[in-house]
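> Before I ask anything, let me first share the structure, which is written out below as C-alpha cells.
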Amino acid sequence: MNRKEIMAVLAGITTLTMASASSAADSDETVKRGEYLARAGDCVACHTAPGGEEFAGGLGIESPFGMIYSTNITPDSETGIGDWSEEEFAAALRDGKRADGANLYPAMPYPAYAKVSDEDIHALYVYFMEGVEPVRHQPEETSLSFPFNQRWGISAWNWLFADAEVFEPEADRSEQLNRGAYLVEGLGHCGSCHTPRGLAQQEKALDDNGGDDYLAGADLNDWWAPSLRGGEGGDGRGLESWSAEEIAEYLKTGRNVHATVGGEMTSVVAHSTSHLSDEDLGSIGLYLKSLPANPAGKDATTADQRREASEKTQAKLSAARDLSEGERLYLDNCSACHFNDGMGAERVFPPIDGNALANADNPSGLIHTILAGAQPPSTPTIPAQLPMPGFAWRLSDDEVASLATFVRSAWGNDGGAVNADQVADVREELGEASLNRAVDPNGELNETDGAK
Ligand code: HEC
Ligand code: HEC
Ligand code: HEC
C-alpha cells in the first residue's frame, strides 16, 4: 500500500467510527426524547399494575362492558412487545390495532394518540425498545362477555368515532398555541377524562374543531373532572378565572392559589405533567385559555353575587350564633385549615369557596375527600406537601351530609344538598380498611385507633 492509499483507508476508518459514534449519540438523544414523550402520554399510569413492574401491564380498567386489563409493553419478546416492528407499534398507538391485526379496546386512548406525529412515534418506539428493561410477565387476559368479546365489532365504533388524524398545526395559531393543542389533544389525552361521553361511550369531540363539548367537563367514576375551557364567555368560575401561568403551576406542582389536585388527576400530575418542561406546560396553559368557556346557565350567579354571599357566610361563622349543624361541624372540623372565609392559606390549604369539587353536580368527590382526606402528589419541584386528614372515624353519615350541604351552599358556592344515603354509598365503596386510617404529615398512610 502506498502512502496515499494508507491515508485513504485511515480516513475511511475515522469516518466510519465517527459515523457510528454519532448514531449512538443520536439514539441516546432519541431514547431521552421518547422517555419524555412517554411521560407526556402517561403510558406508565395504565400499563403498570399496583405494586407491579413499570410498563409490565395488568392494571384492571373498569369499563361499562367489564374489566379491561392493560398489556405488557416492555420489550420482552414473549409477553411484551419486543418483537413488534415500528409499524406495528404505530398502528397500536394511532389506529388501535394489535400486532395480530385484532382491534384494541378504546380503554387504550388511541382515539387521541391518533394525533401523534411520525417523528414522536419513532422516538417512543426507540425508547420502549432500547430504554425500557424487558420484564417477563403475562398480565391477566381481558375476557368480556358477548358481544363485547368480539373485537371485530370495534371496527364499526372506530369508523364512527375514532376519526382523528395526525395533528396539523394551524396557520393562524402561534407555534406555542399549536404545541399546546398538540400535547392536550394528542399524547396528553386530556379529553378522555375531561370531555363528556355519548351513548356509545365515545368522547363527544376529540379536539376543539368538534364544537364546545371538547373538554367541557365530565363525570368520571363518580368524580367530577371539571371543564378545561378557560377562555371567556361563561360564569367566570374555574379555569376562566385561572391564568395560563396558574394552569401550568397546577400541572407542575399539583397546586396553585385556586386548587389542590385530587381524585384521578393526582396520578396524572404525579406521573405525567409534573415531569414536563415549563415551556410545554406554558403552551398547555395558553391553549386551554384559548378555548371559549362553557356558556353560563340561566341560574348562574355573577361574581358580585358570589362575593356578597361569601361575606355573609364569613360573618355568620365569625359571629358563631344560631349555627346550623353544618356550620357548627365546619367550625369544629374544617375552619382551622380552610378558615371562616373558605379561602384556606395560599398554596398550603386550598380554597373551598369556588372550588370545582365543592360545586360539582355529583357530590361524591367532596364526600370522598371529607371521609378519606387527601394527599397531594409528590412532584419533582415539591416532594412533600401537607395532607388533609380523613374524618370518617369521627363523623356519622348524617353529620357528613349536613357538613357537605353547608360547604356546597356556603360563600359563593351553589352545589345542591347532600343526603346521608349518598354518604353511606361512598363510605361503603371506600371500605372499612381505607377509612380507619389517617394521613400523617410525612404523607404516609398510618393506621390509627381513632384517638388522634
Ligand atoms: C388510559 C389507559 C392507557 C394509557 C394512558 C395507555 N395505554 Fe396502552 N393500552 C391500554 C389498554 C387497556 C390496552 C389493552 C387493550 C386491549 O386489550 O384491547 C393497551 C394496549 C397497548 C398496546 C398493545 C399491546 C398488546 O400487546 O396488545 C400498546 C403497544 C400500548 N398500549 C402502548 C401504549 C403507549 C406507548 C402508551 C403511552 C404513549 C400507552 N399505551 C398509554 C391502556 C392505556
Ligand atoms: C385520568 C383522568 C384525567 C386525565 C387523563 C386528565 N385529567 Fe385533569 N382532572 C381529572 C379530575 C378527576 C380532576 C378533578 C380534580 C379534583 O377534584 O381535585 C381534574 C382536574 C384538572 C384541573 C383543575 C380544574 C379545576 O377547575 O380545578 C386541570 C387544570 C386539569 N385537570 C388539566 C388536565 C390536563 C391539561 C390534562 C391532560 C394533560 C388532564 N387534566 C388529564 C382527571 C383527569
Ligand atoms: C389539617 C388541615 C385540614 C383540615 C382540618 C381540613 N382540610 Fe381540607 N384540605 C387540606 C389540605 C392540605 C388539602 C389539599 C389536599 C389535596 O387536595 O390533596 C385539602 C383539600 C380539601 C378539599 C379539596 C380541594 C381541592 O382543590 O380539590 C376540600 C373540598 C376540603 N379540603 C374540605 C374540607 C372540609 C369540608 C373539612 C372539614 C371536615 C376539611 N377540609 C378539613 C387541609 C385540611
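In case you wondered, yes, glycine gets a Cβ from its N, Cα and C as well.
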> Scan 222-242, 432-452 against TrEMBL and say which stretch is down as region 'Disordered'.
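When 222-242, 432-452 are checked in TrEMBL, region 'Disordered' belongs to 432-452.
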> Below 8 Å Cβ to Cβ and six or more residues apart, same chain only. Which residues does that give for H47 (heme c 1 binding site)?
E54, F55, A56, G57, L59, S70, T71, N72, I73
> Looking at the binding-site residues H47, C334, C337, which have a C-beta within less than 6 Å of some atom in ligand 3?
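The ones that qualify, in sequence order, are C334, C337.
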> Taking the binding-site residues C190, C193, H194, C334, C337, H338, which residues show a Cβ-atom distance to ligand 1 below 6 Å?
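Those binding-site residues that pass the cut-off are none, since no Cβ is under 6 Å from ligand 1.
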> Less than 6 Å between Cβ and the nearest atom of ligand 2 is the rule; apply it to the binding-site residues C43, C46, C190, C193.
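C190, C193, in sequence order.
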> Can you work out the mean pLDDT of the predicted model over the domain 'Cytochrome c' (175-292)?
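Looking only at the domain 'Cytochrome c' (175-292), pLDDT averages out to 95.
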> Determine the Cβ neighbour count for H194 (heme c 2 binding site): the number of other Cβ atoms within 10 Å of its Cβ.
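Excluding its own Cβ, H194 (heme c 2 binding site) sees 22 Cβ atoms within 10 Å.
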> What are the DSSP helix/strand/coil residue counts across the domain 'Cytochrome c' (29-132)?
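Per DSSP, the residues of the domain 'Cytochrome c' (29-132) fall into 45 helix, 12 strand, 47 coil.
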